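Report on the structure given below.
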Amino acid sequence: MMEVMNILPVLIVLTGALVSMFLSMYDKFSMKYHIGVSVLFLVLALAFAVYPAGEIYAIQPFSDYFNDLLIFDTYSNFFTIALIVGALLVILIGEHYLQAHSFFKGEFLSILMFSLFGMILLANANELITAYIALEIASFAVYVMVGFNTQNPIRVEAVFKYLVLGSFIGAFYLLGVVLIFGATGTTQLTELTQYILSHSNGELTLVYIGLTLIIFTFFFKIAAFPFQSWVLDVYRGAPILVTAYMASVFKIAIFSFFLRAFLQSFPTLQDFWDPILTVLIVFTLTLGTWLAITQKIVKRMLAASSIVHTGYLLLAFIAVGENIESAYSIIFYLIAYLLTAIGSFGLVSHIIAQTKVRVTYDDFKGLAQERPFLAAMMTIFMFSLAGIPSTIGFIAKLYVFTEAINAGYIYLAIYAILATCVSVYYYFKLIAMMYFYPSNKELEEETFDDSRISTYAIALIAILIIWGGVGSALLFFMPIPSIDGIFELVQISVKSLFL
Amino acid sequence: MGTDLLSFIIFLPAFVAFILMVTTTKVEDVRNIAFITTIITLVLVLKLYLNYDPESGMQFVINVPWILKYGINYYVGVDGFSLTVLMMIAILIPSAYLLLWDGRTKGYWINMLLVQTGVTGALLSLDIILFYFFWEMMLLPVFLMIGNFGTGDKIFTTIKVTVYTMFGSLLMFVAIIYLGVAYFNEFGLWSFQYSDLTQITNLTYAEEFWLFLAFLTAFAIKIPLFPFHTWIMDTYKNAPTGAVFLLSSIMAKLGIYAVVRFMIPLFPEIYIQFSSWFVFIGLFGLIYFGIAALMQDDIKRMFAYSSASHLSFIAAGIFSLNDYGVSGALYLVIAHAIATGALFLLIGILYHQTGYKTIKDLGGIAKQAPIFTFIFAIMLFANVGLPGTNGFVAELLIIFGIYQFNPIMGYVAAVTVLVAASFMLWMFQRAILQKREGPALKMRDLKIKEILGLAPWVILVILMGVYPDPFIDKFEPSVIHYLTDILKLGAAK
């Protein structure tokens with residue numbers, strides 16, 4: 001019975017995707033209705049996913065049928081919750097955006113849930129081929145979502161670039177798997193670990209090459225140097241809601257599998273990757289920062305800054321070999337970035353949905369006078385992205401940098417902190433635009449409708465971000481749970497990998 | 001209330017600011033409520049001051065866990081140092097409100113309240129991450145103030161000052177984490193309380209040196225010490241009066257305070273070893289900024305330089321390694337905060353009335369506004385350290401201190417103080433006293449509200465100048481504790 005409970009969240013998401021697909025055949029259902037249905041399914045899935053939270057377990061259900069290809073443990077459960085919450089937030093924040101644009105049809109939500117299904121599957125994958133299939137399910141859904149904006153001519157470039165490069169890099173992954181299978185005779189993560197541990201370095205050449213090819217896919221999907229070139233165009237061409245989804249939820253899904261693989265199977269290979277990763281981190285940070293500084297369009301700036309955040313994540317990633325604690329810091333950072341990215345992209349999409357013209361920095365001039373609350377929330381998101389104290393972004397950065405320094409990567413950490421210092425420039429520029437300039441005359445006339453679900457969802461995220469940063473520091477004023485709770489959950493989830 | 005007194009003092013302004021932000025929209029109401037809040041804070045601080053016992057070290061301590069995982073606590077307390085500075089802040093801010101009274105918007109007052117929380121929080125923090133938290137927090141409202149209410153190329157100024165100070169802060173952030181990790185490696189558990197961090201023994205000399213430099217850079221930018229001063233010119237020129245007041249007379253002092261509070265206990269050996277360098281840099285800054293001030297025509301810029309000059313002098317005193325120097329420096333922190341704070345606010349009024357703040361355009365103010373001139377003169381005298389003002393006591397102590405440290409440097413310090421006196425008095429003669437027709441005719445004298453706002457400062461200037469003992473007694477035990485117990489020097493040798 002327990003086994004059924006475990007696979008229920010995935011099944012519900014899949015059912016939701018199918019139901020939503022059937023519903024979208026009928027024109028009489030409005031967008032609002034579709035949103036309602038998908039939210040319903042996601043909440044249901046979330047309820048079943050949250051049910052076992054807090055206990056530590058690792059099971060491989062129905063091993064006769066699944067042949068141990070999937071594993072359900074606290075780790076995957078944690079990620080499942082994060083993914084579902086992320087998707088839910090994206091839909092809620094986009095509620096207005098989805099209704100304001102006629103090119104969004106019911107299928108969009110169906111595709112979104114299909115991609116979510118793939119991502120959850122990825123978090124549960126215990127084997128390289130399964131992971132590949134899950135990754136492609138998610139990826140292909142996202143390719144479609146990127147091209148959804150039929151009114152925008154640049155979408156063609158975006159979707160084409162992403163599709164071709166993504167499939168190409170997928171081929172690398174498969175080649176890597178083939179090499180590994182050829183060398184070891186298995187694609188199961190646990191058996192692979194056994195093989196690596198029981199063989200000397202000289203016998204592992206093929207495994208090394210294979211794994212390097214696989215890690216290329218990883219770098220591509222999280223947009224690390226030198227695979228970052230697609231990010232700006234794809235993020236720009238996609239509807240901004242999809243951009244938010246890719247930058248936050250998809251990134252988490254990618255990390256969920258590769259972190260598992262790294263922690264379980266390849267710690268002994270750390271020395272081999274160490275120099276490569278070091279160089280990559282430096283370039284990722286430099287390039288991301290450079291791109292972010294030079295952007296004039298806010299959406300592109302956020303996209304470029306997501307490359308910088310990838311750099312911070314990789315910094316924690318490189319420290320994993322020395323220090324298991326930094327695995328926790330990666331997960332915590334992902335959660336913090338999930339909230340902040342959905343918040344900031346979502347807010348921009350919310351504004352675009354209303355005015356259709358707020359695209360560049362200049363368009364944000366004077367927002368504080370027109371919409372003080374939206375500007376205040378945007379400020380909170382920018383602070384969190386920049387890692388200013390009193391936001392969850394600060395705690396996440398503190399966590400990552402502390403563990404990196406603890407693992408001995410002092411210079412890399414200092415370099416990352418310098419990148420943070422520069423990032424203050426491009427985040428604060430937006431705040432400066434909103435607060436320090438008079439507003440644009442033509443835009444003033446437009447009426448905003450603020451009492452929408454999207455607004456409340458954005459406000460909720462802003463509150464969560466502040467709570468994550470301040471938390472129990474206000475303990476003597478009000479009884480609220482502290483962020484140590486999240487730390488504990490993260491630790492339990494990683495520990496379940498080693499059961 | 002009792003033990004939570006410090007938390008009330010820290011968070012009351014921010015709490016009120018948040019309430020004001022979401023409720024009332026009338027500027028007058030916002031201002032009045034903000035003013036009353038600062039008065040209540042002042043009363044709370046007075047209560048603290050009266051209950052404080054100078055002999056028993058850290059008091060009113062609150063220590064509750066914040067982020068258990070890293071042993072980061074909400075840990076605040078007060079001792080002689082922080083109490084003196086706290087008292088100063090609590091008196092200066094409400095008086096400044098009276099001088100800024102008219103023509104400000106809602107955001108201005110809310111930002112002022114937020115700054116007060118940031119500053120007091122940083123002042124009272126004993127956990128170094130908490131300190132960093134407030135240290136950054138006090139920057140952001142000033143960022144908004146300069147950008148919103150500044151003049152000239154305010155956006156560039158805002159971004160420049162933010163990136164500049166953020167750079168220093170982040171260097172300090174690295175150093176803080178590094179110390180935390182070192183503590184973890186030595187003792188097997190996390191802590192960022194600075195009293196714990198002083199226990200670390202496993203750092204090499206080179207590591208300590210770099211950490212020392214990282215901390216120093218962060219504080220030197222805030223103070224600002226030569227050569228980290230380049231941000232102040234734009235900022236002081238373009239920022240609104242309130243922000244300049246906060247930056248020069250409140251936040252710069254926190255930089256000094258942080259040097260004493262964190263750097264002396266954390267790196268005593270390096271502190272002693274390099275002290276002569278820093279005394280030298282301090283004296284160099286004193287002369288350098290003094291000469292720069294001499295050449296200014298814009299009064300606000302001139303005060304910016306002279307303020308930097310005095311702050312360098314304070315830094316020289318802090319590093320002089322003896323009771324006179326350190327006590328004098330702390331005394332000058334207060335004296336300078338009062339004098340420059342008042343001068344910047346008075347210049348703000350002058351500019352508001354006449355539209356000019358350049359020396360060559362002004363003149364004849366004395367006839368139009370005698371009370372203004374009178375208070376201006378007192379503050380100016382305090383600033384240059386004329387006998388009978390608190391500036392005199394402080395500068396004398398510092399010169400004694402530096403003389404004990406190194407007689408030649410002592411002579412240099414004594415002589416260079418003359419530079420400051422000369423340019424200040426010269427400016428006073430040209431801009432205020434000399435008879436001239438022109439913009440000065442538009443000048444009105446101070447209103448009763450503004451006089452009330454400045455009265456406590458005038459009284460303090462005289463009182464602290466004539467009878468300094470009760471003030472020094474409050475913090476001297478802490479100074480001696482630092483010198484003898486932490487730096488292992490004989491006090492007042």
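Backbone N, Cα and C atoms are what each Cβ position is placed from, and that goes for glycine too.
TrEMBL labels come from automatic prediction, so no person has curated them.
For B:125-416, the entry in TrEMBL reads domain 'NADH:quinone oxidoreductase/Mrp antiporter transmembrane'.
Feature annotation from TrEMBL assigns transmembrane segment to B:6-25 (among others).
Under the heading transmembrane segment, TrEMBL lists B:32-52 (among others).
Annotation source TrEMBL lists transmembrane segment at B:72-101 (among others). Proximity of distant same-chain residues to the transmembrane segment (B:72-101), defined by a Cβ-Cβ separation under 8 Å and at least 6 residues beyond the stretch ends, is recorded for 6-7, 9-10, 31, 34-35, 38-39, 41-42, 45-46, 48-49, 52, 54, 57-66, 108, 112, 116, 119-121, 123-127, 129-130, 190, 192-193, 241-242, 245, 249-250, 253-254, 257, 260-261, 330, 333-334, 337-338, 341, 345-346, 348-349, 449-450, 452-454, 456-457, 460, 471, 474-479.
Marked as transmembrane segment by TrEMBL: B:132-151 (among others).
Long-range Cβ contacts of the transmembrane segment (B:163-184) within its own chain (Cβ-Cβ under 8 Å, at least 6 residues beyond either end) map to 70, 128-129, 132, 135-136, 139, 190-192, 196-197, 199-200, 202-203, 207, 210-211, 214-215, 217-222, 228, 230-231, 266. What TrEMBL records for B:163-184 (among others) is transmembrane segment.
Among the features that TrEMBL reports, transmembrane segment is placed at B:209-232 (among others). Residues 160-161, 164-165, 167-169, 171-172, 174-175, 178-179, 203, 247, 251-252, 254-256, 258-259, 262-263, 266-267, 270-271, 274, 281-282, 284-285, 288-289, 304, 308, 311-312, 315 of the same chain sit 6 or more residues outside the transmembrane segment (B:209-232) yet have a Cβ under 8 Å from a Cβ within it.
Residues 81-82, 85, 88-89, 92-93, 96, 112, 115, 119, 122-123, 128, 131, 135, 138, 142, 145, 194, 212, 215-216, 219-224, 232, 235-236, 271, 300, 303-304, 307, 311, 314-315, 318, 326, 329-330, 333, 336-338, 340-341, 344-345, 348, 482, 486-487 of the same chain sit 6 or more residues outside the transmembrane segment (B:244-264) yet have a Cβ under 8 Å from a Cβ within it. What TrEMBL lists as transmembrane segment is B:244-264 (among others).
The transmembrane segment annotation in TrEMBL covers B:270-291 (among others). If one looks beyond the transmembrane segment (B:270-291) by at least 6 residues along the same chain, the residues whose Cβ comes under 8 Å of a Cβ in the stretch are 208-209, 212, 225-226, 229, 263-264, 305-306, 308-321, 402, 405-406, 409, 412-413, 416, 419-420, 423, 487, 489.
According to TrEMBL, the feature transmembrane segment maps to B:303-322 (among others).
Residues 81, 84-85, 88, 92, 96, 99-100, 241, 244-245, 248-250, 253, 256-257, 260, 299-300, 303, 306-307, 310-311, 313-318, 320, 357, 362, 365, 372, 375-376, 379-380, 382-383, 389-391, 393-401, 443, 446, 450, 454, 457, 460-461, 464, 468, 471-472, 475, 479 of the same chain sit 6 or more residues outside the transmembrane segment (B:328-351) yet have a Cβ under 8 Å from a Cβ within it. Positions annotated as transmembrane segment by TrEMBL: B:328-351 (among others).
The annotation transmembrane segment is assigned in TrEMBL to B:371-402 (among others).
Among the features that TrEMBL reports, transmembrane segment is placed at B:448-467 (among others).
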Against which stretches of its own chain does the transmembrane segment (B:371-402) lie, if we need a Cβ under 8 Å and a gap of at least six residues from its ends?
279, 283, 306, 310, 313-314, 316-317, 320, 322-329, 331-332, 334-336, 338-340, 342-343, 346, 349-350, 365, 409-410, 413-414, 417, 420-421, 424-425, 428, 432-433, 443, 445-446, 451, 454, 457-458, 460-466, 468
What parts of the chain pack near the transmembrane segment (B:303-322), using Cβ distances under 8 Å and only residues at least 6 beyond its ends?
223-226, 229, 232-233, 236-237, 244, 248, 252, 256, 259-260, 271-272, 275-276, 278-279, 281-290, 292-293, 296, 328-329, 332-333, 336, 340, 343-344, 347, 383, 395, 397-398, 401-402, 404-405, 413, 417, 420, 423-424, 483, 487, 489, 491-493
Let me spell it out: take the transmembrane segment (B:132-151), skip the flanking residues so only those 6+ beyond its ends count, and list any with a Cβ under 8 Å from a Cβ in it.
104-105, 107-108, 110-112, 114-115, 117-119, 121-122, 125, 157-158, 161-162, 165-166, 169, 172-173, 176, 235, 238-240, 242-243, 246-247, 251, 254, 258
